[in-house]
Structures are given as structure tokens and as C-alpha cells.
Amino acid sequence: MLGAAQQREALTGTPALIADLGDAVLHHQRCADGVPTLWVERQRLPQVLRQLRDRFPMLLDLFGIDERLREHKPEAAADFTVVYHLLGLERCEECRIKVAVNPPDAVPSVRDIWPNADWYEREAWDMYGLEFSGHPNLRRILMPPTWEGHPLRKDHPARATEMEPFSLDEHKQAREQEALRFRPEEWGMQRATEDTEYMFLNLGPNHPSVHGVFRIALQLDGEVIVDAVPDIGYHHRGAEKMGERQSWHSFIPYTDRIDYLGGVMNNLPYVMAVETLAGIEVPARAQVIRIMLAELFRISSHLVFYGTFAQDVGQMSPVFYMFADRERLFGIVEAITGGRMHPAWFRIGGVAQDLPTGWERLVREFIDGMPARLDHYQKMAMNNGILKRRTVGIGAYSQQEAVDWGITGPALRATGVDFDLRRDRPYGGYDQFDFEVPLGHRGDCYDRAAVRVEEMRQSLRIIRQCLDNMPAGPYKSDHRLATPPPKERTLLDIETLIHHFLNVSWGPVIPAGEASFAVEATKGINNYHLVSDGGCNSYRTRIRTPSFPALQQIPLISRGLMIPDLIAIIASIDFVMADVDR
Amino acid sequence: MAEPGLGTLGTIAFGIAIIAAAVGGAAVLTWFERRLLGIWQDRHGPNRLGPFGVLQVVADMLKLLTKHDWVPPFADRAVFVFAPTAIVVAMLLGFAVVPFGPDLYVLDLNIGLLFFLGMTSLAVYSVLLGGLASNNKYALLGGLRSAAQMVSYEVFMGLSLMGVVMLAGSFSLRDIVEAQRELWFCIPQFLGLLTFTVAGIAESHRLPFDLPEAEHELTAGFHTEYGGMKFAMFMLGEYLGLILISAMIVTLFFGGWLGPWLPPVVWFGLKVFALICFFILLRAAIPRPRYDQLMTLGWKVMLPLTLLNLMATGALALWWRA
């Protein structure tokens, strides 16, 4: 495994990178995934990032780590760390920049380098209380405005039983409600100009078309949107905090509920990150099973998108057809995994079970019937004149804007950026498959939908290849850290018995280190960054989701449009709030 | 008034029967629409209560009747309560001039057509006032949209019928039906039919033109704050509007009660039923245009088409007579 990591370091040219940055680099941390991880001086951070921006144009992720209780600390670490995860699209290379900080010292804000740093820095402040100098609006983003403390700090309680029992008296309710009132002045908005008085409209958190609990405060002139402020956090469940409490194995079901339409697609980056840390090689059969299930869920998620997209522009019927298809799909998923929306079926080292007898027939029936139905939907929805008039040219952004704002997945490819992790940095066996990456060119609502529609066809193609070439062999690795361990030999010798007992009761002990794993999930790049301190559970679980930056970008693309356009934009983004708030 | 018709007592009885039938029909239509949509959308729709689920109507009524009759404290109470009744009254009055058969009508006004147009225009106030009185931003936007939509679509709604009037030489709906003995007006007045149908759907706020309501954009638009029976009145008004518009299209373009073998009123009923099914199919099939696109369609496509129709019909009628 170290071989693979070294290979990747060589590929990215880490030594050259370090030489380029000169003495700003304090320390080069070796990570299990081989991504160059460089500690730089806090004051020189903006300069370093500006220098790296040409080569790594996308800020994939920005997050904090509380290092205070960590035993296996990197040598340059202080109390807290801010991590900047950068992505180069052309050569598909990654790089992590880390900054050590001891509050109340502040880290320079990088909002002016990447606009999407705005929300990420707010999140890091919200979660860790880290100050970012130069950030104009460092306020709560995921937690309620009245929250006390910073929840991802190690000294913040993780469970309700460690806190005072919750009660909501009238006084507190009034205060909470008042805290939610939108104040335009706080966002630099005017209430009126000389000749116009603006209307401020709360769209959400309860609104039929915001796909969950998402609120956008709109500044309206008639029905025209002057400005918009997205407000998230209503679906925040502290998944990252839970990651620090659960064992490596028992966190898997929580990942299903991040992008709750993606099912096992969420398991994939998590288990692969753990496998990278542990150095587990997954057997071929398990790899292909994983890909097949992940692609089935990609179709399932895209079907929901397709139906709701048509519904949000006012077309009533398509959603019913697509949900019927999704139901057929869930039939297959249920036959294979036993679960439907959230099977939690991938395991560290493989999958939970082998495929059931007769799975081929189920899958074949589905992929044989689906293309004709997709043709039908194309005629019904995508070729409809009114739908086109509602979506073509609406909510468009350029390639540059998409990259600047950290937009990934179909929403990035709709602008014509030819980037798909499955093809450009094949993971988990995707290099064995033949498929195309559909592209759009306008980057508008219609293209975002069209790319997803075509992706469904490509997924069907991948699934057919899985069906025709399913390898024989074990469905789980026999590595000692694969969980739960294969049981065949447990009753035969004491070594395996003890091993099995410990791995099942405490869970596996994953070697100390750091690794991240990014996959092309249903909605874009889903990246898990895991920090192991050599224990039974994660020291820090960072979940980078594609929906979070997409929502941040809404004001940019909706200014000057009307409310119905905003609804079309929201529909075309394809997000779920659990994937935003985690 | 009703000299050749049913006599005074008969007219009153028939009027009451029409009200009962229209309200009953609208109620059954709520169930029928859901079943029909269900069939088209590969699902069942309400099929549990009674034969084919038709008793769902009764269950819905009971539910709506027993709901809390709530007026939001911030609403303009009097107007808020009045608004939903206006649409029902206006729509029911519209039925007065519809000839269901050669002798089956409440009123044979010599300006029957204008009376119908007047009543449908009055129904708009219901939406406007409901939106305004709710004192809710979504309702206000719904009301605004409704006002803009009506201003645009009323214009050519009336004009689109003038071709029919020219051909029939009368505003009386009975005369118009009689004038179609040779040829239904849907053929010479095809453009008129097209434009009037579009305007008619716009009047009844159904899906391609349901912008004042537009649940995906404005939650429920003008009736966001309404619940219970007051909400039911809006729904009743909408379905009455659907029946009324269908009846009007049948009367004006599809020969009303005319038809061989079957009794006239059966013919009328069958034609209206077919049109209603068509409107439900429209709802199942078409997305909702944007509000400015709807205005553009009204002013830049529908109005010129209507004027063209009017001029062509006028010219042809003059030429014919000469």
C-alpha cells in the first residue's frame, strides 16, 4: 500500500511542489493516501494558495481539526488545524495545505481567492470557533444562531445525555424565533431605494420546492430577485461528530443518510478511505458488486431528480413514472441487500454478503427495459417546449465560475468541463469499464438535467458490463481488519477466534494516519477525510459533500431572475439537505 | 323571459336542480379527476371508499366541514370571508344562461354571451380579494399574478367569441346553438375555439395557467392562508369554472345539445364530459410556463390570432352576404 501512496506522491511531483513553495513549507506530512500534505506558515497562507491556484483551481474542501487530544500528532500541529483540500482538474491531482493555529489567533481568510471559502470558513468558525481574519460575515451556518459553544471541539459534549435536558419555555421559544428573523441590513441589503420598496420573502424552510428544509431569504422587486441569501443548517444532525463516537464499522449506516438518495454510494468513499488507512485490498468480485450497486443507486437518485425537476417546472405526471421505475430498482436492491433506501451494505474490505441466486435475471430485466422508458421520458419531459422555455438559458454559469465555486459532478459537466473521477482517476475498479462522460455546454438548468439523463444511460451500460463479467471469488477481503471478519475459520483455531471476537465487539483498530477518498457520487464529488489516532473509532471524520457548495452559489445565478426561475434552478441543482448539512 | 321554456315554477325548480347538479358535479369531479390522473400516471388514485372510491367525495366533504374554521389574525376578516363565496356565486350564475337542451335553460337572455363573460370576470375578484385580504406575501404575489393574467386574457376571451356571434347573428346562446344545425362552429371558427379554450383554462386557473396558485413557486398562492370550508369554496369555484367553461365551449363551438338519436340533454352532457376529460389530460401533460411567458403568449400570440380571426370572419361574412 505504501507503494501506491509513494506512486501517487511521485505522480503529483511532491518534491517539486515543495521546492516551488520554498520556505513557506514548514513540514511535509506523509498520509496513507499519498496526497501531498504540506504544513505552511499561517501568515503566508494566502500567498501560498494564490501560487497554487493555477495548478489546483478548485478548493474542494476546507475544514478544521481539533488536535488537542490527538496522540499521534503531526509534528507541525498546534491546538487546531485548518485544512485546505485543493483539486487540479486537468491532471486530476490533489494537494492538502495545512495551517496550525492556536486560538485566539486568526487564520487569514481566503474568500478573495476562492469564493466558496466563504461558507467553509463560516462552518469552521461555527464548529471550532476558529477566527478567519478578513471574513466579513463570520456567523453560525449549521448551528442555530443561539447555540452556545462550538460542537466539533473535543470538549463539547456529543450526546444529549451529557447535557442539560432540553426544554423549550415560552421565553426561549420567542427568543429562538426572533433569532431566525431575517435582517437585510446584516447582509448589506437595502430595504428600499428612492423609487422602490423591496419585499423580503422567506422561501422555506417549509416550502414545497426547496427539497427539504432549506431557506432562502429573497429580496424582491415585484417578482424579480434582486438578491438572495441561502440559509442552511435545518437538517444538521452532527454526522461528523457521530463519526468520532462510532466504531469504524458502525459508522457505515450513518453515511447512507448523508445523501439519502444515494444509498450505498455514500458507503463507498467512507469504506475506501478506511481501507486506504488500513491498507486493505478489496477482491475483484467485491469491487464489481460495489460498482454495480453504486451505479444502480446513481440511476435511482437521478430518477428522483428527473421527476422532481419536471414537477418543479409544473409538469405533474413524470414524477409518478420515475418513482415507479425507482420502485423497480428498489426491488433489485432489496433482493440483493435486504434494504431499500439505506442498505448500509458495504463493509470495510468488501460487501456484507454475496449476491443472491438469481440476481442476474432481476438486473437484466431492469436494464433491458429501462432504455425504452428513458426514451419515453425524453419525449414527455426533456423535449417539451414549455419545459425548455422554462430552463434553457436559466441559471447558467461559466466553466470558470463552476470551478471557482467548487461545483462538481453533473453540474460541473453541464458547463462542458470534462471531468469525471470515475474515468480520470479510476477508483475501485472503474478502469475496467467502458463508458462515456456526458457533457453539456451552456451550464444552464436544462443542460444540468440533460447531463444527468444521459448519465443514467451510461450507468445502465456499466451495470450491463458488471452483469456480463461478474468475477468469481470472495466478496470480502481476508485482511485481518476486514469487518466483520470472515467467519469460516473462527471455530477452528484460537487466533482467528480471538481476532473475530475483538473485531466484532470493539471493532477493528485502524492504524494511525490520515487519508481521504473522493468518489464521483450521484451529485458530485463526495470526499471522506478520516483521521485515525490508532483507535477503534475515528479521531476526525470530515465529509465533503457536493450539495454544500452548490447551494452557496444560488445567489450568483439567480440575481435578476424571477421566482419561477429560482424554483427551476433549485430543481436543477439536485441536492438533498442532508447532503448539505450532514 | 322564459316564454317557450319551462314556465315560472318550472324555471325556479330547474334553477335549483342546476345548482344542485353543478355543485354535485363539481364535487364528484374532484374524485373523478384524481382517478383519471391516477390511470394516466400508472397509479390508482382514491379507490377505497365505496364503488371505485366514489365515496371519497363524501369523506373529503366531511373532513372539510369539520375542520377548524380559522381566519388568520393578520387578515382582513370581512374580505377574507367574502372572497371564496364570490367565485362560487359568480360561477353558479354563469350556469343560468347555459342551454342544456332546446327548452332546458333558466334564462334565455338576448345578451346571454355577455352575461357569461361578465360572470367569469367577476370570479376573478374572488382570487384578487382572497390574495389581498390574506395579508401574506405569497398570497399577495398570487393575487398580483392573477390580476395580470386576467387583464391579459380577458381581452381576447371576449374578442375570440365575436366570430361566433357574427356567424350566428345573435348573443343569445340558444340562437347560437340553433345556428350550428348545418355545421358546428368548431370548423369555421377553429381559431376562435383555440383562443377561447386557452382563455377559458386561464379563467379557471387550471394547470398550465395555474400561476396564481402555482404550488411549486408560491406554496398555494392566493389561497395559502385558507383552510376548511373556505378553501373548499375556492376548490368548488375552480371545478364549477371547469364545468362552465366546458359547457360554454360545447354550446359555442360543438353544437350544444345538437346530435342524432340520443336526447338533446344527453348529447350535451356527453360533450361536456369529453371536454372535461380533455382538460384533465392537459393538466396531466403540460408544465407551467413562467408568468412573463404567459403574458407574452397572451399579448403577442393569442391577441393577434384573435384579431386575425375577427377580421377574417367579418370579411367573409360581409362577402357572403354581398
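Just so you know, glycine gets a Cβ as well, placed from its N, Cα and C.
Residues or ranges marked as transmembrane segment by TrEMBL: B:12-32, B:78-99, B:111-132, B:153-171, B:183-202, B:239-259, B:265-285, B:297-320.
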Interface-richest range of B:12-32, B:78-99, B:239-259, B:297-320 toward the transmembrane segment (B:153-171), CB pairs under 8 Å: B:297-320
Beyond the flanks of the transmembrane segment (B:239-259) by 6 or more, those residues with Cβ under 8 Å of it: 22-23, 25-27, 29-30, 87-88, 91-92, 94-95, 98-102, 104, 113, 116, 120, 123, 161, 164, 173, 176-177, 180-181, 184-186, 189, 192-193, 196-197, 200-201, 203-206, 265, 267-268, 271-272, 275-276, 279
Criterion met for the transmembrane segment (B:183-202) and the transmembrane segment (B:12-32) (at least three Cβ pairs under 8 Å): no
Outside the transmembrane segment (B:111-132), six or more residues from its ends: residues with CB under 8 Å to it: 76, 79-80, 82-87, 90-91, 93-94, 96-98, 139-144, 146-147, 150, 154, 157-158, 161, 165, 171-174, 176, 203, 205, 212, 221-223, 226, 234, 237, 241, 244, 248, 252
